[in-house]
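As structure tokens, the structure follows; a few thoughts come after it.
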């Protein structure tokens, strides 16, 4: 029969098909369709032919169609159909819905509503038809029988929706029904739901429901009652969430009380730690609500406070096992917000704007602050960041990820970042420059569409501080490699700035030309995909880039006739240029050589060897530095050393030509060195009789000359050290140069008093490189044990022996690395291990830190085992401080951490020392380790007993049993001032022990913990009046410290 139906359907007219189907019974027709659909044999073609032969214009045909629809709905819900067959059937049913008469649409819709309310649907697949049916019903203008009366099609639709919403949905239909309402575009439905009954309960239920779904998708498995919902595709879930958010916001616009209820509900949930309410869905909802002006400020304030509180809590949790045990379950709101950013890709345009505003709000509120002396506070990295810094970084991450995902909002983000860079130049803007750099690095080619805004920003370069210009132009460097228009515009602006009337403008231009264009152009290299996010499909023109670099060099040569500040920046940048662009070495070195010749005395007998007078500009009473000769020599020294070590070995073919080039500079520096040693201070007119006051022109001139001479000595010391090969002659030369430096330094200190002039701070800017200092210290302290004669000499000169100075240096280095270079701690520790070879297995930070800890543990044990009169308390305290710094690198769950805790406990328990500072340091270390590993209750109890035993009770009649849990705690070290600040810290952090006022503290005095004879006395109160003392052992220590009992 199926073949006959298909053959009749293939005819030009449908008359034959209609006549045949009129003779077929409904049950036979539905059985045929069911068999074909289950077998998957041309079910779609058969259904299409049946619809062609059953026109709705005839009542019999329409009724048979209704029967076919009911059959198809049952088939779809049975789950027996193949996915392709089911999709084809649904598509055909959707196409034919609008042909139904209005009354049959009412019946068909009622059938759906009844099945939903009664829970008869199996998988809800057929629900895709319901919105089409309701939409078709709404177009019917005639009156239709509905219940006991007659209604128009639109009114019937509303009644059906109300009936549907008044019933209780099975949880497995929720997503599909919500999708249906999205199709119907009926926000009034959500208004109806939200306006009825308890708003708090409805909002809480919606938030909790979608939070549960999100969690299940994240976990990718679940075995609870919501298991079936996990099968909902993620894209569909996100679109549904977006629709729900839109409709709730629409309802809030109609009734502001609903918005206030939402905020109240989430604030209470945040305070109570209700993680089912603070979730990505609720955050997205709040960000959408910010589009309503009345709630914008309130929502952002709540989100800001939630973010900063989350980071503060996280900081406390990371540092204390005690707090982790008290609050084992925490939530990270930053992760949730970034999840909202990722979810917003699903057409959440109503959330995107709120994300952008919130990102900038976090960066504006928690960015770096300017400290009183005018400098910007350092921003640490990694775990050492403070909550404010984490909040600022979160804002930057929000904006960066939003920029990556949403093309339409990129222009706005870029404009706002650039506007802040330009308009807030007087405030620290490093965080915005970092964000700009990340945006450009992500995809410089994408930003070519925003090139006009970037070019417009260049016009303000002359008015910005040098540091801001440096950061801005460093950030846009990737754009210069892919956009000729941006590069040309920038070069034009910088050419003008190099000869502008403002000194800062010229400094900015020179700074960029050196540190920016030249150092990053890399004229001999091509751009790889590692330098830009997207592939560049055109070959990079290295010849054109080299020409560009040489053109810049030509412009820079003309800057050598400008002010000292401009020249100084040029000298500071040339070394970086040379390291990155070896092909420019000849041009750079020739430029430096020509500049040095202007101040060099070529005659070997002339003293001094340099024309210092030519370095100083005198205009009437005004005296200023014209040529920073010390910086010029420093630049030459570094460039020459690099050139000889890197370039010369690779240029064997041109050895003769190149040898004369660098040998000439070597000879000049050698000659300057020899003649500087022979020169006396009188040759520079800088003896003790010279005027060094800052109030006269002569005094200012002499200060400038002294600064130049001292800087030149430092440069020559480093130069001779690296070419010395540890020869005795060269080291004598170095000592002679140092003595010249020291004589002049002593004169300046004597003349200027104790740092009252600018010169005092000027001399602190040393020209000695970190490599020189490192190599020199390594050479000086190669021996494993310091000779007694050296120790005594150091103590006589500086009041501190060499060991103490070394320990101070180690302690400061460890602090600096952990504070400013946290991500590089592993490299630092690896470099410390001189015996370290390339291991096959990666050694963890904890293992490397433990290796260093063991060295200092041995040193401390040696000190503690010495005689009492030989005990060196300062060294012991420094060792304790070093151990504290290193212990912060251990993971609390590692075996190395447990060993450190065990060792520290043993030291505190078995070693007695009357030095209060050392005792405080060791007990602080013990307590910090203990708190990070487990609850400090037992430790507090033991310490409290020891302290109480040594200090005694305020009531002389009370006998105190002395304990000896920790030998470090004795009569001299048991004073409360030694320990209270450290031990109360974790208690304050969790709010367990806010410092009480006098009235509340009096309650602690009534305690059943006193001895039995006093329990019912007038002084101590009745038994049982207070249980604080004995019920909470963690408070014993505080009780003893504050009351003496």
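The backbone N, Cα and C atoms fix where each Cβ goes, glycine too.
Averaged across the domain 'FANCI solenoid 1 cap' (1-53), pLDDT in this predicted model comes to 82. Residues annotated as domain 'FANCI solenoid 1 cap' in TrEMBL: 1-53.
According to TrEMBL, the domain 'FANCI solenoid 1' annotation covers 64-184 (among others).
Per TrEMBL, the feature domain 'FANCI solenoid 1' maps to 196-253 (among others).
According to TrEMBL, the feature domain 'FANCI helical' maps to 257-343 (among others). Here the domain 'FANCI helical' (257-343) is broken down by DSSP into helix, strand and coil counts: 70 helix, 0 strand, 17 coil.
Per TrEMBL, domain 'FANCI solenoid 2' is recorded for 351-511.
Summarising the annotation, TrEMBL assigns domain 'FANCI helical' to 520-748 (among others).
Look at the domain 'FANCI solenoid 3' (782-926): DSSP puts its residues at 106 helix, 0 strand, 39 coil. Summarising the annotation, TrEMBL assigns domain 'FANCI solenoid 3' to 782-926.
According to TrEMBL, the feature domain 'FANCI solenoid 4' maps to 939-979.
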- prompt: Any chance the domain 'FANCI solenoid 1' (64-184) and the domain 'FANCI helical' (257-343) are in contact, meaning at least three CB pairs closer than 8 A with a sequence separation of 6+?
  reply: no
- prompt: Where DSSP helix means H, G or I and strand means E or B, what are the helix, strand and coil counts for the domain 'FANCI solenoid 1' (64-184)?
  reply: 91 helix, 6 strand, 24 coil
